[in-house]
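Q: To start, I am sharing the structure in question, which I have written as structure tokens.
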């Protein structure tokens, strides 16, 4: 948002006079940086609503128009109220202060007036301008504003007497906003640096409520959420004329789709991958070495279902992302490609082996791709949780689940290798033809071998050997159960 007003300037100058010394943080990234920033904060109690109002100044020093800098109130992106500053120091128009929020690790979206009021806050008295800088050929973008009732924001609920208020910061060094004329609702590219800091709340408290301009109590009305607004309230027009420091386009705000809807779709992305990577695909890997006469069917069913759910989860994540820019996304695409390749190679190996009765290179590649998918999938899933700012406990829980799966599969491989598989008695009730998997001793009781997991001789002489209950070998090419 870009606003200038003489009366607002006077009000803010008054604030600086009566606040004393607010706490602040300045961060520099070197001589050639385009993203050095400073932020200062002071608070006061709003007795009319029993809330705290935050008076903030956010500066960014830049020599060209590339990139953006941001600060957010909270410990992580999820639910934080975020202020993004960008603009072109070579233009006459003031810099842009964009007020946003986000769910999980989605790109922050513009926070409409209705969304602000829904959470009991109001961002007012916004002023942005360019000022001279101590850096050669640079200017400083300065944004000053008041966040009325700001501690009412659900993820920034901090009392003014709390020792510290947590902040996050982020920056992008390359994005070009000129193509969108520095609009405050422009899509943001991924940050390439980020961090966190705290500001001392006890230091900043020192202003009397009556020394500020009109408080949020003059703005808040029991309006419905922006997503449910159909008709603009009658007094909205008067509000806009009286307080021209926020967006006048109320109809656009009313049409804004709340970012909360995307949260459920991202949850679906995660649940699909949990079912695939932590349940179905590990089961398929276990069943292929189970020693069951129905091991092929037991392997095939969860393998196909797991691949479908995994691909669906990856597809959901891909289409929800505005761009592919982080390793989590690149690895996800690689895993999706590997799933398709593994499924195709496994089916083709089954087709060739059932005809030639010999091991193929496709079977070996199928097995190793499966190991890559599981190990890479588990690691990438936890990386996704980290990107989405989930709790440490949840990330540790899935790390433990990954370790349990890995240990269980390793043990099943070991038991298979020594000829003592764990699932001899596993069967599919409606299947009469036994299509098993040849293992260390060359066969499975009453089964027709449709897959080879050991290094048998290539001429397939032992492929028809089947072991009966007492361990004796016989030859019966039919593989039919009586």
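Glycine is no exception: its Cβ is also placed from the backbone N, Cα and C atoms.
Caution: TrEMBL annotation is automatic and unverified by curators.
Got these off TrEMBL a minute ago, pasting:
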| type | residues | note |
| --- | --- | --- |
| COMPBIAS | 469-482 | compositional bias 'Basic and acidic residues' |
| DOMAIN | 268-385 | domain 'Cytochrome b561' |
| REGION | 457-482 | region 'Disordered' |
| SIGNAL | 1-20 | signal peptide |
| TRANSMEM | 266-288 | transmembrane segment |
| TRANSMEM | 300-321 | transmembrane segment |
| TRANSMEM | 327-347 | transmembrane segment |
| TRANSMEM | 368-385 | transmembrane segment |
| TRANSMEM | 397-414 | transmembrane segment |
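Mind mapping these onto the model and telling me what they sit next to?
A: Secondary structure of the domain 'Cytochrome b561' (268-385) per DSSP, as helix, strand and coil residue counts: 101 helix, 0 strand, 17 coil.
Residues 106, 262, 265-266, 268-273, 275-277, 279-281, 283-284, 287, 329, 332-333, 335-336, 339-340, 342-343, 346, 373, 377, 384 of the same chain, all 6+ positions outside the transmembrane segment (300-321), place their C-beta atoms under 8 angstroms from a C-beta of that stretch.
For the transmembrane segment (397-414), same-chain residues at least 6 beyond its ends with a Cβ under 8 Å from one of its own Cβ atoms are 278, 282, 285-286, 289-290, 374-375, 378-379, 381-382, 385, 421-422.
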